Amino acid sequence: MSVEAYGPSSQTLTFLDTEEAELLGADTQGSEFEFTDFTLPSQTQTPPGGPGGPGGGGAGGPGGAGAGAAAGQLDAQVGPEGILQNGAVDDSVAKTSQLLAELNFEEDEEDTYYTKDLPIHACSYCGIHDPACVVYCNTSKKWFCNGRGNTSGSHIVNHLVRAKCKEVTLHKDGPLGETVLECYNCGCRNVFLLGFIPAKADSVVVLLCRQPCASQSSLKDINWDSSQWQPLIQDRCFLSWLVKIPSEQEQLRARQITAQQINKLEELWKENPSATLEDLEKPGVDEEPQHVLLRYEDAYQYQNIFGPLVKLEADYDKKLKESQTQDNITVRWDLGLNKKRIAYFTLPKTDSGNEDLVIIWLRDMRLMQGDEICLRYKGDLAPLWKGIGHVIKVPDNYGDEIAIELRSSVGAPVEVTHNFQVDFVWKSTSFDRMQSALKTFAVDETSVSGYIYHKLLGHEVEDVIIKCQLPKRFTAQGLPDLNHSQVYAVKTVLQRPLSLIQGPPGTGKTVTSATIVYHLARQGNGPVLVCAPSNIAVDQLTEKIHQTGLKVVRLCAKSREAIDSPVSFLALHNQIRNMDSMPELQKLQQLKDETGELSSADEKRYRALKRTAERELLMNADVICCTCVGAGDPRLAKMQFRSILIDESTQATEPECMVPVVLGAKQLILVGDHCQLGPVVMCKKAAKAGLSQSLFERLVVLGIRPIRLQVQYRMHPALSAFPSNIFYEGSLQNGVTAADRVKKGFDFQWPQPDKPMFFYVTQGQEEIASSGTSYLNRTEAANVEKITTKLLKAGAKPDQIGIITPYEGQRSYLVQYMQFSGSLHTKLYQEVEIASVDAFQGREKDFIILSCVRANEHQGIGFLNDPRRLNVALTRARYGVIIVGNPKALSKQPLWNHLLNYYKEQKVLVEGPLNNLRESLMQFSKPRKLVNTINPGARFMTTAMYDAREAIIPGSVYDRSSQGRPSSMYFQTHDQIGMISAGPSHVAAMNIPIPFNLVMPPMPPPGYFGQANGPAAGRGTPKGKTGRGGRQKNRFGLPGPSQTNLPNSQASQDVASQPFSQGALTQGYISMSQPSQMSQPGLSQPELSQDSYLGDEFKSQIDVALSQDSTYQGERAYQHGGVTGLSQY
């Protein structure tokens, strides 16, 4: 696949993993394909006796295609009464006999293959029913074959993975008879864990599970060689000696089913286990939600699109969590310092392997501190009991124990420990708050300023400068001095109603955010609201803001009040305890702590006093910090916040961001990095419709240019070179030198002493993890352990090393492998953090080891494909990075090909034993230059529902290619201050001009500070808008005629030769769909048409007026076609 697949102008074919994005083939049986000369395909099922059925006379029945042809020829010769028109009876009979004799086609059996009743053991997907080829799923009670058909793995493996089943039985008439596959040693039946070892003495194989049986030496027979252990499922198929793979001919004869149909069928089976493929065609099945848009007509349309997506995610989350009930739980009881009962328990070990349930609870259900769990006693030794508590401890590398603090310990059977059951208590609070915010945005005029309202909906609005007194010194007290790009960011943000700050890894965005909050608070416009999607991010920012000396209140959810954090002393509930101004409240609090309960009168008085104290603290605070969803807390409901800052906004969904925004935002600052991982959306349907794209991303695509922080202080300069060039256009400067990043007392032999990095070539094979939904690679795990041991021996401390991998299966396997197989003390390995790449976002370690896992022939590299995941992985380390992977599999993907070529050029692609590494001789295809776009990182926005093609039309105001002078508009619109030179001239040359109304204007001279530019910064009316939600008009107040009907409109220009075609994009009520020869559908607006009768002067006025619209190109749209290539490293 060419690298240009990442470029917006790419016309190359991009082949996707079917597991990542299933492709649906053309519907060749649709009505437009009804040709009378064609016969129906063999897989079409029709009722017996019907057309093509047994005894039927149709095209698919006995005789098949030939029957149709014979009938046609006979009709030409036989009249309506059946009498031969030429009277030559004998000749006609002879010809007819000859025609009938020619009808013995081999397809006879094939055509009736699916019209007859299939045996009960036929594959539920494709109908193949050879007993040697099929396997019975013990959970779903269905049969599946071991053939791939049109999918990336065999049908049985596809089903097991999608349905989360793990136990199978072979067919009684198959070569191995009716066999339940299970571990010879422990009886484990999870086929994803099972493998075989050939017994040396006998001609038999022994089935053993991967962990622990195949790896425990004490359990081994003298004839077993555990190094020979291989999984039963390889390349997503059962081994052919175990379950035969149907022949190619059999698979072609079978019913053809696509991966997308399989997905839909599996979803349907959850509701109706007896559903068939035919049921998928019924109306109402699998209705897709409406996709998110780039622009919205008004907030009602916005709510009508996002509301259903939030509900979809809520329903999915509820279903998932409420289905996870666990029995046979053993509880260990304890008493907390606050006199509340704490129950400790571990999830039971199952046949699926000991990490399976932990994976589901941590990854799928995202179990975290503060979640509610219901604990029930089901035994006979005490009365039946039920209690609800909040999670205060989750499983980690040290153990799988979960701890919950009970709300009330009344009746708790603390004397018994067995026969408990746990249920996850699903709470709709966060989803309710999102829905409420969407509604408020639509109906409440005071929820946000007019300017922000229109900007968020994508309307064109005159830019404004906020009237404020800029500080003489931008660095905040108690915080480090700012660099030039941070100063520019602070200075610009303070004067803008809406700002985006892009903070690449290690560029100090937390310090910048804290400084901005400090100056906003000093302006005295009431408390500043600071939010982030996660509690960890909120705590980090709260800590930094506190260092400036401001009065900060950290608002926690009530369910998290018992959880300790570095900023607990700033939490609202703890500050209330220390309020000297309310002695009565302190007295009642002390009584409650000692006795655990208060009388009803005292409790009522206590709550009233507490509410008063909370209100007083919140009103007098300079800054209030909480999560995005926490901003919907009733305690903030009556407060209005003029200034709101959302950190890590690229990790929040759009409705999540709206929860704080609707609390009166007049100045909104979004901080994040759209070149790193985006929000997590569990429901695939909602994610596909666009819920997985952040507000920050959409605003970037709309043309609001983020201010980028440009000096990184984390990585050794050698480590930052590749991410800077590939993800940030070479704009990152190093705030640390190579000498700053050499560890004292650390003696590790890097292949190149001045470059603390290498790619360790590993030839292992991937295996499906025990959960069936993840992967692991045992060879890579062994190499990771060796590298970790070498780092420890060289002088690194365990807590300075981070091991990251994209796959939960590998993370879990690594934790176990390090414990059982590490050559050093177990405690050392326990202190080494092992986590998924996604969980490590926002974190850093001195040394990072990345295990890539994927190594196969057919499956691709899964979500290693997401370049943002690679960006996060490569930018976590301060002193050194080691990548362990299979270059052959990875190099097929363009970005990884770049990385591998880069490592090879730097002579750090190595193989061989660790104590004698040598340069690898592997060769890769030469990478092409990645296309440089207007929107840095836009080519990596895999979650984007639309791309930034609007912003990269060659010859437009955006273009600065080397094929000619920039357009004259460039000099009028480019802000020279906006992009601070990154040093090397070739990098500076890649600065891309921005449309005038979206750029941060040059700072006005001191005498003009504080003056508004254009409409007041409050509720402005957008260009062409009659007011909030009003119908859009053109610049001259006239409704614009439909553009495609005008002879001189953009749609009528013949630009078919240009390589920028894009599907139709509907934006609000404006239909953007345009003819196929139009190379930029969606880029022109019907309201902004150029009428043919307009004189040149009038047209030029329109051109100037509309040149400030981010989508308008005028007659400059296609001056030339090139796009600047990205400068290499």
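Every residue, even glycine, has its Cβ placed from backbone N, Cα and C.
The following features are taken from Swiss-Prot:
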type	residues	note
REGION	1-415	region 'Sufficient for interaction with RENT2'
REGION	39-70	region 'Disordered'
REGION	123-155	region 'C3H'
REGION	137-165	region 'CC/SHH/C'
REGION	183-213	region 'C4'
BINDING	Q486, G506, T507, G508, K509, T510, Q676, Y713, E844	ATP binding site
REGION	1009-1058	region 'Disordered'
MOD_RES	R1019	omega-N-methylarginine
REGION	1073-1096	region 'Disordered'
COMPBIAS	1073-1086	compositional bias 'Low complexity'
REGION	1110-1129	region 'Disordered'
Cβ packing number for E844 (ATP binding site), 10 Å threshold: 15
Residue numbers, six or more beyond the limits of the region 'CC/SHH/C' (137-165), whose CB comes under 8 Å of its CB atoms: 17-19, 25, 120-126, 128-130, 171, 180, 189, 191-192, 233, 235-238, 240, 243-246, 250-251, 254, 256-259, 262-263, 266, 269, 273, 768, 771-773, 858-860
Local Cβ density at K509 (ATP binding site) - other Cβ atoms counted within 10 Å: 23
Residues Q486, G506, T507, G508, K509, T510, Q676, Y713, E844 binding ATP per the record - widest CA separation, whole Å: 21
Three-state composition of the region 'C3H' (123-155), taking helix and strand from DSSP: 1 helix, 8 strand, 24 coil
Cβ packing number for T507 (ATP binding site), 10 Å threshold: 27
Per-state residue totals over the region 'C4' (183-213) - DSSP helix, strand, coil: 1 helix, 10 strand, 20 coil
DSSP three-state assignment (helix, strand or coil) for K509 (ATP binding site): helix
Neighbourhood of Q676 (ATP binding site) by C-beta distance under 8 A, where only residues 6 or more apart in the same chain count: P505, T650, Q841, R868, N871, V872
Long-range Cβ environment of Q486 (ATP binding site), under 8 Å and at least 6 residues apart: F474, G508, V511, T512, T515, L709, V711
DSSP three-state assignment for Q486 (ATP binding site): helix
